[in-house]
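Take a look at the following structure, please.
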């Protein structure tokens, strides 16, 4: 059910997290949640402060150029996979299975699916295996009892970190969801491994810490999600300063054709009906709210160094154009393909090379059969997440991680039917508001993890019975 907000604390009404210039859509959304007014003077001061912050070095500053002398890998490239039993991990292993002459697995880490992990060990014969849930180590050993191949097994978080920095690995595929993937990614960077990045939190929460670290260790961060891979492919070989604008495409999610006034009636089952992609519950809800796209705006800023004013979102219902860039001469470059995550994952593993894919398992795009491609501007009233994401991005520092963690908790509460669909936006805004006075512009890894946990706890404390006011625990 939707949560009725009776009133807010007076100081919260005076100083809101959202920028009034971009957050006005909230005031037009007629639902059970009254949204407060914005203090323009506070916004102006925030922008002045934010503009003085030194941004971390982007992974790819508007262009991607292969360094002179770089050669293709001779023989199967050794890789580690963190999160091997999840969606990214299993698709990565599908790629390895199809290309044994190009890739080999040296280490695997999983959370708790030891049955699938054991099957993966038997098939790919890694040297090292980790299971994050330490209580399942004996079960994994039992599942491998009749296996001729006996890898080293290290349990717990330390095991996942050891997989990430395995000495034989050249590239590490990071497929763990949430801040749990941050420490292994940092360990891989410190060990000099290139990162096939499928964990959004690495940059959204950890960007201010991770990017300088990657620069220090001369590590490549290669985006494995479809939108950022599309941008990465489009900027290959661009001259310095040629990038003018980034255009992220979005399907629009389950409610792209719903009228705004019907959103207060949304049920969990409605939000889990994605029109194009088959994904997990959390990311499917994020597609419905467009929070996934808001988070991708932040990730694009960190990856490519574009200002937030130069990153746009366009609704593209067919999900064939995965994203676009505009160059200084007004040319627009796009990357097209069927909605298939294997393509961007493969490119992170093979870059800068292109690997042949059989059309038997990788259907080729037929534009004539496809027909028309359509586009429309996103509705800020229907998708308040965009205003929240842009505001968090401009605030920078720990605010982007707080936004991501609060959204993750809010979606969990929604899926568990503890809050309504529209309450997701309010929980995120209130959590970001509460973090304003504690924002750290250049956080350490410990501070990033601390505020991730804090945001989840604060979001969970916003109870219906108190009108979304925090409940002390």
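Just so you know, glycine gets a Cβ as well, placed from its N, Cα and C.
As annotated in Swiss-Prot:
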BINDING   85, 86, 87, 88, 111, 113, 199, 201, 280  NADPH binding site
BINDING   200, 226, 227, 251, 274, 287, 292, 293, 296  1-deoxy-D-xylulose 5-phosphate binding site
BINDING   225, 227, 296  Mn(2+) binding site
TRANSIT   1-49  transit peptide
In the structure shown, with every protein chain counted, which of the binding-site residues 225, 227, 296 has the densest set of Cβ atoms within 10 angstroms of its Cβ?
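Buried the deepest by this measure is 296.
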What is the separation, in Å, between the Cα atoms of residue 111 (NADPH binding site) and residue 225 (Mn(2+) binding site)?
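With the alpha carbons as reference points, the distance is 21 Å.
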Give me the count of other Cβ atoms within 10 A of the Cβ belonging to residue 200 (1-deoxy-D-xylulose 5-phosphate binding site).
22
Taking DSSP three-state, what's residue 225 (Mn(2+) binding site) in: helix, strand or coil?
coil
Between C-alpha atoms, which of these binding-site residues comes nearest to residue 87 (NADPH binding site): 200, 225, 296?
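Of the binding-site residues 200, 225, 296, 225 has its Cα closest to that of residue 87 (NADPH binding site).
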Let me check the 10 A CB neighbour count of residue 85 (NADPH binding site). How many other CB atoms are there?
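A count of 22.
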Going by C-alpha positions, which of the binding-site residues (85, 225, 280) is nearest residue 200 (1-deoxy-D-xylulose 5-phosphate binding site)?
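Checked the binding-site residues 85, 225, 280; minimum Cα distance to residue 200 (1-deoxy-D-xylulose 5-phosphate binding site) goes to 225.
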Return the residues near residue 280 (NADPH binding site) by Cβ distance under 8 Å, restricted to its own chain and a separation of at least 6 in sequence.
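In sequence order, the residues whose Cβ lies under 8 Å from that of residue 280 (NADPH binding site) (at least 6 apart) are 87.
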If you measure residue 199 (NADPH binding site) to residue 227 (1-deoxy-D-xylulose 5-phosphate binding site) at Cα, how many Å is it?
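Pair distance, Cα basis, whole Å: 13 Å.
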Cβ atoms within 10 Å, counted per site: which of 87, 292 has the most, among these binding-site residues?
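Checking each of 87, 292, the winner is 292.
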On the Cα atoms of 85, 86, 87, 88, 111, 113, 199, 201, 280, which are listed as binding NADPH, what is the maximum pairwise distance in Å?
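Site span for NADPH, by Cα atoms: 22 Å.
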So for residue 111 (NADPH binding site), how many other CB atoms are inside 10 Å of its CB?
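Its Cβ shell of radius 10 Å holds 19 other Cβ atoms.
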Give the number of CB atoms, excluding that of residue 199 (NADPH binding site) itself, located within 10 Å of its CB.
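So the Cβ neighbour count for residue 199 (NADPH binding site) comes to 28.
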Using the recorded Mn(2+) site (225, 227, 296) as reference, state which further residues of the same chain have their Cβ within 8 Å of the centre of those residues' Cβ atoms, listed in sequence order.
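Going along the sequence, the neighbours come out as 223, 226, 228, 229, 248, 292, 293, 299, 300, 323.
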